[in-house]
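Taken from Swiss-Prot as is:
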type     : residues             : note
BINDING  : ARG80, LYS92, ARG235 : ADP binding site
MOD_RES  : GLY2                 : N-acetylglycine
MOD_RES  : SER7                 : phosphoserine
MOD_RES  : LYS52                : N6,N6,N6-trimethyllysine
MOD_RES  : LYS147               : N6-succinyllysine
MOD_RES  : SER149               : phosphoserine
MOD_RES  : SER150               : phosphoserine
MOD_RES  : CYS160               : S-nitrosocysteine
MOD_RES  : LYS245               : N6-succinyllysine
MOD_RES  : LYS272               : N6-succinyllysine
REGION   : 235-240              : region 'Important for transport activity'
REPEAT   : 6-98                 : repeat 'Solcar 1'
REPEAT   : 111-201              : repeat 'Solcar 2'
REPEAT   : 212-297              : repeat 'Solcar 3'
MOTIF    : 235-240              : motif 'Nucleotide carrier signature motif'
TOPO_DOM : 38-74                : topological domain 'Mitochondrial matrix'
TOPO_DOM : 131-178              : topological domain 'Mitochondrial matrix'
TOPO_DOM : 232-273              : topological domain 'Mitochondrial matrix'
TRANSMEM : 8-37                 : transmembrane segment
TRANSMEM : 75-99                : transmembrane segment
TRANSMEM : 110-130              : transmembrane segment
TRANSMEM : 179-199              : transmembrane segment
TRANSMEM : 211-231              : transmembrane segment
TRANSMEM : 274-291              : transmembrane segment
Amino acid sequence: MGDQALSFLKDFLAGGIAAAVSKTAVAPIERVKLLLQVQHASKQISAEKQYKGIIDCVVRIPKEQGFLSFWRGNLANVIRYFPTQALNFAFKDKYKQIFLGGVDRHKQFWRYFAGNLASGGAAGATSLCFVYPLDFARTRLAADVGKGSSQREFNGLGDCLTKIFKSDGLKGLYQGFSVSVQGIIIYRAAYFGVYDTAKGMLPDPKNVHIIVSWMIAQSVTAVAGLVSYPFDTVRRRMMMQSGRKGADIMYTGTVDCWRKIAKDEGRKAFFKGAWSNVLRGMGGAFVLVLYDEIKKYV
């Protein structure tokens, strides 16, 4: 195996392991975030039963659906997240070679910064093409609030993918893809671009204390998450459309979704669950730091 292939494999493994561990840890926060985002577009949650906020959601989920339901959709998320994050990190370094070849970070700061933004955005968009149906299934499973199997819309990952494919075809599994690409480019550009740039400007980037790395990563994930959050809300709402027919369809397209959310719910609706997203971002920051630590040993 060549050095480049070995390096690619190390990136893939380190990124995937770090992601699987952190996503399982923050799965309850992730589910709260998703429910707050999509409840307005859910057929299962009537207006009077909608969650009032993060605390209300955290209290009601175990009472109404059982404690383990906090991890509903987590298996799909881990399966999805392993290749997503691993491919992001692996492709990021490949794109860095393309965008940053021959660039001196100290003498050409803005070109270095722009190159990091481009490599991060391109890495996220590329990996999204491969794993979007899993991301779709994770969202629909997490949004399923039925208590028992008889009340639930889907009985698992395979059932979700099969039902939507039979109903809407491949298009149904890629509902909201275009706005996802827009959001992922903005998020990943900040996530990788600012993180790498900040670390690169330190005196000794390869020997940064883990606390410093975590603080940088925490700031980056919080900012990136808030900036791209409205795109995430719209894509989740579009995902909720798949499997619906006729009068049940809420949005005719992405633009209509943006317009109706702003008009009917107000601009604040684009940021529903955003605070839980900041908390979840601690897991994202942990991924970046853990990835760097794992790479030292593989």
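Glycine too: its Cβ is placed from the backbone N, Cα and C atoms.
Overlay of Swiss-Prot annotations on the structure.
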residue	record	contacts (Cβ under 8 Å, 6+ apart)
GLY2	N-acetylglycine	none
SER7	phosphoserine	ASP93
LYS52	N6,N6,N6-trimethyllysine	none
ARG80	ADP binding site	VAL131, LEU134, ASP135, ALA137, ARG138
LYS92	ADP binding site	SER119, GLY120, ALA123, PHE192
SER149	phosphoserine	ASN155
SER150	phosphoserine	none
CYS160	S-nitrosocysteine	ALA76, ALA137, ARG140, LEU141, PHE154
ARG235	ADP binding site	GLY176, PHE177, VAL179, SER180, GLY183
LYS272	N6-succinyllysine	LEU36, GLN37, THR233
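The CA atom of LYS147 (N6-succinyllysine) is located 25 Å away from the CA atom of LYS245 (N6-succinyllysine). In terms of local Cβ density within 10 Å, LYS147 ranks first among the modified residues LYS147, LYS245. DSSP assigns LYS272 (N6-succinyllysine) to coil in the three-state reduction, placing it in neither a helix nor a strand. Under the three-state DSSP scheme, LYS245 (N6-succinyllysine) falls in the coil class. In the three-state DSSP reading, the residue listed as 'N6,N6,N6-trimethyllysine' counts as coil. If one looks beyond the topological domain 'Mitochondrial matrix' (38-74) by at least 6 residues along the same chain, the residues whose Cβ comes under 8 Å of a Cβ in the stretch are 23-24, 27-28, 30-32, 137-147, 153, 236-237, 239-241, 244, 248, 250, 265, 269, 273, 275-276. Whole-number maximum of the Cα to Cα distances across the ADP-binding residues ARG80, LYS92, ARG235: 24 angstrom. Residue counts for the region 'Important for transport activity' (235-240) under DSSP, split into helix (H, G, I), strand (E, B) and coil, are 5 helix, 0 strand, 1 coil. With DSSP classes pooled into helix, strand and coil, the tally for the repeat 'Solcar 2' (111-201) is 72 helix, 0 strand, 19 coil. Look at the residue listed as 'N-acetylglycine': DSSP puts it in coil.
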